[in-house]
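The structure is given below, and queries will be raised subsequently.
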Amino acid sequence: MTGRAPRLLAGLLAACLAGSSAPAGDMLDKRSGADFMSPENRAMQADDMSNPGMFAVLDGEELWNRPEGANGRSCAGCHGEAATSMRGVATRYPAFDERSGRPIDLAGRIGECRRTRQEASPLPHESPELIALTAYVAHQSRGMPISPPQDERLAQFRENGRRLYERRIGQLDLSCASCHDARWGERLGGSVMPQGHPTAYPLYRLEWQAVGSLQRRLRNCMIGVRAEAFAFGAPELIELELYLMERAAGLTVETPGVRP
Amino acid sequence: MTRALINAPKTARRGEIIEIRAMLAHPMETGFRTGTMGKAIPRDIINRFVCTWNGEEIFSADLFPAIAANPYLAFTAVATDSGTIAFAWTGDDGETRTAETEITVT
């Protein structure tokens with residue numbers, strides 16, 4: 001990292017960034033976003049009694065055990081103890097979904113079980129219930145390394161995710177790579193630019209004063225460069241996640257994380 | 001439904017200073033924000049917190065709109081008797097949410 005464009009206002013960044021990118025997985029010194037946080041925020045994440053993300057996990061546990069839908073089964077009714085049945089699941093999502101012939105993210109997978117197995121009304125994207133269930137399921141993988149599935153059927157979607165990651169977008173004409181590969185560790189206004197690894201979602205973001213999904217985070221980054229953000233649930237966001245997870249392979253799941 | 005995280009020791013020696021930490025799940029809506037179509041979102045905050053030890057008040061606080069969501073309070077107390085440490089958060093909605101934890105003092 002060089003300091004070619006230190007502390008520039010976002011508007012000036014467009015003119016100054018050279019924009020290079022490293023291939024996925026090749027990143028040396030791969031670091032979670034938590035590494036770039038203040039000691040106070042790291043402490044908040046590390047202590048389950050002060051991490052507000054734990055509220056979502058606790059809500060998720062309650063929902064896991066609650067019977068729902070026409071079928072009247074709870075998640076636990078079919079899957080039993082989440083600590084056993086859901087252990088490691090979040091480390092290998094997005095995964096290939098046979099039914100749609102496309103990758104599906106963890107929240108989407110949970111939504112499918114709710115729709116087809118419980119025969120209950122769908123949970124909207126970003127609804128507190130879906131966030132809570134996703135946080136609870138992902139929390140069962142905390143501390144485990146991200147291990148994307150080596151599934152041939154995912155390759156073309158992951159490749160598309162990489163293209164999206166490297167494509168310049170928005171009025172500021174920046175790609176994800178311009179910031180997260182070429183400029184990580186440097187400052188953008190008051191925030192340090194992390195490498196952009198999706199290790200801790202859903203997570204509590206202080207700026208949101210709430211727990212939110214990776215898609216919410218990605219939309220924030222797109223809006224930040226004044227691009228039109230993909231809608232929640234858009235295939236492009238799942239493809240981006242697929243690429244980001246491959247890029248983050250080996251880092252450990254932190255859910256529920258805390259971020260500024 | 002009350003969702004609170006309480007962190008206090010289960011045991012203490014008489015006279016020992018213990019730390020008590022309490023966090024309540026609450027949006028602490030300031031009343032200064034606008035939602036869709038520019039409509040003001042009504043204020044909805046926790047405005048009063050009281051902690052009692054076997055019924056006797058040991059700590060209280062008034063809370064204001066500038067306090068972040070999920071108010072988190074940490075304070076210390078001198079361990080006197082075994083019993084119940086109780087927590088009460090009262091909101092603009094007039095409702096009081098409660099939680100408690102037991103402590104054995106030897």
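Yeah, the Cβs are placed from backbone N, Cα and C, and that goes for glycine too.
All annotation found in TrEMBL is predicted automatically rather than curated by experts.
The signal peptide annotation in TrEMBL covers A:1-24. Here TrEMBL flags A:59-146, A:161-252 as domain 'Cytochrome c'. If you look up TrEMBL, you'll see A:Cys75, A:Cys78, A:His79, A:Cys113 marked as heme c 1 binding site. Per TrEMBL, the feature heme c 2 binding site maps to A:Cys176, A:Cys179, A:His180, A:Cys221. The substrate binding site annotation in TrEMBL covers A:Arg217. The feature active site, cysteine persulfide intermediate is assigned by TrEMBL to A:Cys221.
Relative to the rest of the structure, where do these features sit?
Cβ neighbours of A:Cys78 (heme c 1 binding site) (same chain, under 8 Å, six or more residues apart in sequence): A:Cys113, A:Arg117.
Within the same chain, the residues at least 6 positions away from A:Cys179 (heme c 2 binding site) whose Cβ sits under 8 Å from its Cβ are A:Leu188, A:Met193, A:Gly196, A:Cys221, listed in sequence order.
Sequence-distant neighbours of A:Arg217 (substrate binding site) (same chain, 6+ residues apart, CB-CB distance under 8 A): A:Pro198, A:Tyr201, A:Arg205.
A:Cys221 (heme c 2 binding site) has a Cβ environment of 18 other Cβ atoms inside 10 Å.
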For the heme c 1 site given as A:Cys75, A:Cys78, A:His79, A:Cys113, which other residues of the same chain have their Cβ within 8 Å of the site's Cβ centre?
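Residues close to the heme c 1 site, other than A:Cys75, A:Cys78, A:His79, A:Cys113: A:Trp64, A:Arg73, A:Ser74, A:Ala76, A:Gly77, A:Ser85, A:Arg117, A:Gln118.
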I want to verify one value. Collapsing DSSP to three states, which class is A:Cys78 (heme c 1 binding site)?
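Once the DSSP labels are grouped into three classes, A:Cys78 (heme c 1 binding site) ends up as helix.
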If you count other Cβ atoms within 10 Å of each one's Cβ, which of the binding-site residues A:His79, A:His180 has the most?
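Comparing the binding-site residues A:His79, A:His180, the most crowded Cβ belongs to A:His180.
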Can you tell me how spread out the heme c 2 site is, meaning the largest CA to CA distance among A:Cys176, A:Cys179, A:His180, A:Cys221, in Å?
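Result: 11 Å between the two most distant Cα atoms.
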